[in-house]
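See below for the structure under consideration.
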Amino acid sequence: MMRPRPSSCTKLWRMTTKTTPPTARSMSNSGSGVQQQLPAGVDPCHKLCKIMLSCPNAGLEQALDASGVRAFPDVAEQVLLRFENAGMLAYRFFDWARRQQRGYVHTVRAYHTMIAALAKIRQYKLMWELVAAMRAQGALNVETFCVIMRKYARAHRVEEALYTFDVMEKYGVAPNLAALGGLLGALGKSKNVRKAQEVFDKMRDRFEPDAKTYSILLEGWGRAPNLPKMREVYQEMLDRGCEPDIVTYGIIVDALCKAGRMEEAVDVVRDMSHRGCLPTPFIYSVLVHTYGVEKRIEDAVDTFLEMERNGVKPDVVVYNALVGAFCKANKFENAFSVVGDMEDKGITPVARTFNIVLNSLITAQRYEEAYRVFRRMIKCCEPDSDTYTVMIKMFCETNRLEMASKVWKYMGKKQFLPSMHTFSVLINGLCQKGELDRACVMLEDMIEKGIRPPGTTFGKLRRLLLKEGREDVLKFLVDKMNVLIQEPLCD
């Protein structure tokens, strides 16, 4: 096992067993409460985000106008990245920013962020209007269409994804091998690899495939999983004179590990070394992670140490894999020691590192420890959406709604926009406890932030409202949703 090393983060981990149990007051002291008025000259992105999170829906544009902040393109881009999960709220800011001064032009990245946000809530008409605006400004590029293809494919709109590729030329952007790769990748990652193969076979004479194109196809067949077809494509790649690169090897190792072919995956890694192609930390992380899933903790540690002996410098991804391996074996002290080892080597733990531990502790029903780790985490790094979601869900499922609410308030203080999943777990928790009024307020807030509620969450609330004879409230919520989206959320 790995030898523990003292570090500041390790000390925080060690303290988890000595901290008093959580209370609503302790969480309140760590982050809830009303924000102070921001002083003049503060970061404009921070001020704009605060307005967007706190302003009533109807008066957003007036509040933005009254703020005195001018959203230059780089600032607007930052704000949109913060609100990319809140489609219509982000769009209102996007529209306000481009109307605030003559000659204002959004950055290409801002356009792409906004296009993706609108596609996520199926506002395709608005999305294509932005594409037309980009064309008028001469800002369209291949990546614009790749963003759209990915979003259509993820929504299982395969024909629309294909149409997007076909229509590129009409918008003045010549489709190329990168665009084809974007389409193949979008289809493969959305479980449509057969269609991706069909497109590839049809286009291979029009575009000369390279190692990257073949790697994208290999990844799709590996995800399927269909190892015989993956091997067939790999052989075709070799026959056409395309030499596999480090990405290709990584995809093959990952597919073999997910299919339970560990020994074969290890052979591929060894073959790489013999060919003078040094495996990357990602490839080692796949091996370590898979050993952890199989609870082969000694093999996971040996693989990590072998990586270091081979001169491959570990990164946060492979460290996270080792943390996960120890957690799956319920060896939390060893996991904490790995976190200390990371810091000793100048690698800062990230939210994902802590999320692995939190999820494992919660799965083991060690709820108090999970909460204490969360409190230590917020002193080391910023939680992400998954962190907040898993903590709120834990408190809801253990009948501690007051603590779930405290986490929610802390999230608000940090100006962190809740994701669809974070909203949903709290709304579901409120419904479970019969807090119907609070659940309705939360759903309304979700809609006003431009986030499309999932059908399961709305369906649960709908049934409870009908059961209590509150059709008027249901109609109010449905009307608000109809403003946000054009598709029904339930049957």
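Backbone N, Cα and C define each Cβ position, glycine as well.
As annotated by TrEMBL, repeat 'PPR' applies to 141-175 (among others). Note on the repeat 'PPR' (141-175): DSSP counts are 27 helix, 0 strand, 8 coil.
Summarising the annotation, TrEMBL assigns repeat 'PPR' to 210-244 (among others). Model confidence over the repeat 'PPR' (210-244) stands at 95, taken as the mean pLDDT rounded to a whole number.
Under the heading repeat 'PPR', TrEMBL lists 245-279 (among others).
A Cβ distance under 8 Å defines the sequence-distant neighbours of the repeat 'PPR' (280-314), meaning residues of its chain 6+ beyond its ends; these are 1-2, 246, 249-250, 253-254, 257-258, 262, 265-266, 269, 272-273, 320-322, 324-329, 331, 345, 347. Summarising the annotation, TrEMBL assigns repeat 'PPR' to 280-314 (among others).
Residues in the repeat 'PPR' (315-349) partition by DSSP class (helix H, G, I; strand E, B; coil) as 26 helix, 0 strand, 9 coil. Sequence annotations record features per position, and here TrEMBL assigns repeat 'PPR' to 315-349 (among others).
What TrEMBL records for 384-418 (among others) is repeat 'PPR'.
Across the repeat 'PPR' (419-453), DSSP assigns 26 helix, 0 strand, 9 coil. The repeat 'PPR' feature in TrEMBL is assigned to 419-453 (among others).
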For the repeat 'PPR' (210-244), distant same-chain residues with Cβ under 8 A (at least six beyond the ends): 177, 180-181, 184-185, 187-189, 191, 193, 196-197, 200, 251-252, 254-256, 258-259, 261
